[in-house]
Amino acid sequence: MTISNSVPITPELIAAHGLKPDEYQRILDLVGREPSFTELGIFSAMWNEHCSYKSSKKWLRTLPTTGPQVIQGPGENAGVVDIGDGDCVVFKMESHNHPSFIEPYQGAATGVGGILRDVFTMGARPIAAMNALRFGAPDHPKTRHLVAGVVSGVGGYGNSFGVPTVGGEVNFDARYNGNILVNAFAAGLAKTNAIFLSEAKGVGLPVVYLGAKTGRDGVGGATMASAEFDDKIDEKRPTVQVGDPFTEKCLLEACLELMASGAVIAIQDMGAAGLTCSAVEMGAKGDLGIELDLDKVPVREERMSAYEMMLSESQERMLMVLRPEKEKEAEAIFHKWGLDFAIVGKTTDDLRFRVLHQGDQVADLPIKDLGDKAPEYDRPWIEPKKPAPLAANDIPQADVADALLKLLGGPDLSSRRWVWEQYDTLIQGNSLQLPGGDAGVVRVEGHATKALAFSSDVTPRYCEADPYEGGKQAVAECWRNLTATGALPLAATDNLNFGNPERPEIMGQLVGAVKGIGDACRALGFPIVSGNVSLYNETNGQGILPTPTIGGVGLIADWSKMVRTGFAAQDQMILLVGAPASWGTHLGQSVYFRDIHGRTDGPPPPVDLAHEKRVGDHVRSLIASGIVTAAHDVSDGGIAVALAEMAMASGIGATVPGLVGTDPIPVWFGEDQGRYLLTLSIDPHGDEWDAIRKQQGELGIFAPWIGSTGGDALKLGDAKAIPVGDLKAAHEGWFPRFMDQAS
């Protein structure tokens, strides 16, 4: 079946394309006539939230995006950060939420494929991937099916392509029942003098189509990704793309070989809105027009219309502006790799986007108004209502050991081994830390000592309670996780997942979170260099928890001094760095409240950014000195869970006497921010320890020696000792049991 270009443009058709009446009027004013059906599709694709960021652009501009290490900030396919010696790291995080809910395997797989293309389009070879996944309640009938499909899709694509998955997150909450989140991160290495951008340059130059053939899969995908879901969700299945990781691997090698030949002027991957978005972005960025001849586009289905070809989101495709004298060489490279190579258009000097098909001009539009001059909204927003503070004596009690075992064996804090064992975490041979620690770490190929650390973080329940503090905390925890390996945090990418921005309370969540992210990034010297916004994550009016995911990258100068989470030896001192005098105080929004007592009240823990920076810099200096043998940031579940994780990672127990005369619940389960647990290899009664104590006093950092490693059990204060084997059994049991339940 093919779709005519002369379909009548009705109000119903306009609405079906996600365009509001005032937006359609703007189209009429710009074009001076009724648009063709293909033109309507082009406007719909370019003006939706997924491509235009029309609801969030105003606030994204407030984020810090520069720094001495930043080579390329937002606006390109990925961010680029200098790591010295002529090398740079290229990275980005992007959502594939809506497709993954409709068709979990292909949705997740093509999410991985898309983010890998964003990285190698810039000239970088991918070296690491992460995935931040949010699913509905474990007892929801769809959850297990979605988990199985998404994890299989992530592993199927990443493993076949050949990139290690080094970290990520998996969480469950009923607010994701109708909208799961699949946020995919990728990073690659490139040379600082060989970064490739998407800005077209030069008039009359060939525009070249590269990669796989075009089919009807994914038609309307970008528009679907900008809409709320309803009960007819399964009808959207045809708009999910289908990925082929082996073709993508060939595309990677062909692109890098072509880039090395000097043939590439500009290059853009075909992601959301396919040929439309890639062509418009290349032309608009370069202040050039683009003319495309769709009769030249390689297709794998018969009788495809111009509309379908322009909006197809078939995977593993690129668009490039080529040096004309290199055409034969470029074509030979792509044919060698078994890929299509076709000159499908040219650059022009008239700022028009023209599309030809079967002898007709099916689109003739102003390219800048499609691209960087798309509509932008200053949507009304209201400050979200914040929860009341908890009364000082509002500390519900529980047996400390029993509560710890229940937390470790629950849906949110249990081991994710079932997930990451389906991913190839060691391919390429450079992975230095397996998933399950604070951050993934990968050696920098060709350098004797350098490594890169990667972490992905956000605590949605904090963001729901207070978006500003939640935004700050997402950045701070990411920065802290990188620091806990010994890495210097360099820069971050954000993936902002929210509900319907046309509701002022939801827009208020977005505004608050972005303000918090911006303040934290400025205070920590941790700029945002790339990112993605995913809105309308709602089903039948029920929105997700606000989830501004932060993916961070850090540099380890000497990976021989890198530290891991697990205790390294018996009889080593345990240090709690950055804590208040009572070690822990804050129970509002804690997992202890939620999972032990069924409470979701109270404010989230505040983040003191000056304290965060001071403590993190101190921890990093201790690690660099070589005396730290293990490190772990304290987050969900407080000190108790952090100590248990360190014990389980090593099989070594610990004894931590606790505080006399202090309620043990906030001590062990409080989620105060800015804290680390370290083990040291030095004599706690020697001069070296005295010098460290003196330095901490001068910095105003409270860092008590709270206990020692040793034995095969974890003993917290007066609570009964828990054998490390029992901790592991609780921790490792939940996920396999959940996934093995009979359907």
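Placed from the backbone N, Cα and C atoms, the Cβ positions cover glycine too.
Of the listed candidates (K20, K92, K450), Swiss-Prot assigns K92 to the same ATP site as Y53, D494, G531. Among the candidates S534, S560, S582, the one that Swiss-Prot lists alongside S95, H96, N97, H98, R117, Q241, E313, S314, Q315 as binding substrate is S534.
Residue density at Q315 (substrate binding site): 29 other Cβ atoms are found within 10 A of its Cβ, drawing on all protein chains shown.
Among the binding-site residues D118, D269, E313, Q315, D494, N532, the ones whose Cα is located within 10 Å of the Cα of H50 (active site) are N532. Among Y53, K92, D494, G531, the residues given in the record as binding ATP, the maximal Cα to Cα distance rounds to 16 Å.
Once Cβ contacts within 10 Å are tallied over all protein chains shown, the binding-site residues S95, N97, N532 are led by S95. G531 (ATP binding site) sits 6 Å from E94 (Mg(2+) 1 binding site), taking the CA atoms of both as reference points. Taking the Cβ of R117 (substrate binding site) as centre and 10 Å as the limit, one finds 27 other Cβ atoms among all the protein chains shown. For the recorded site, N97 (substrate binding site), the DSSP three-state label reads helix.
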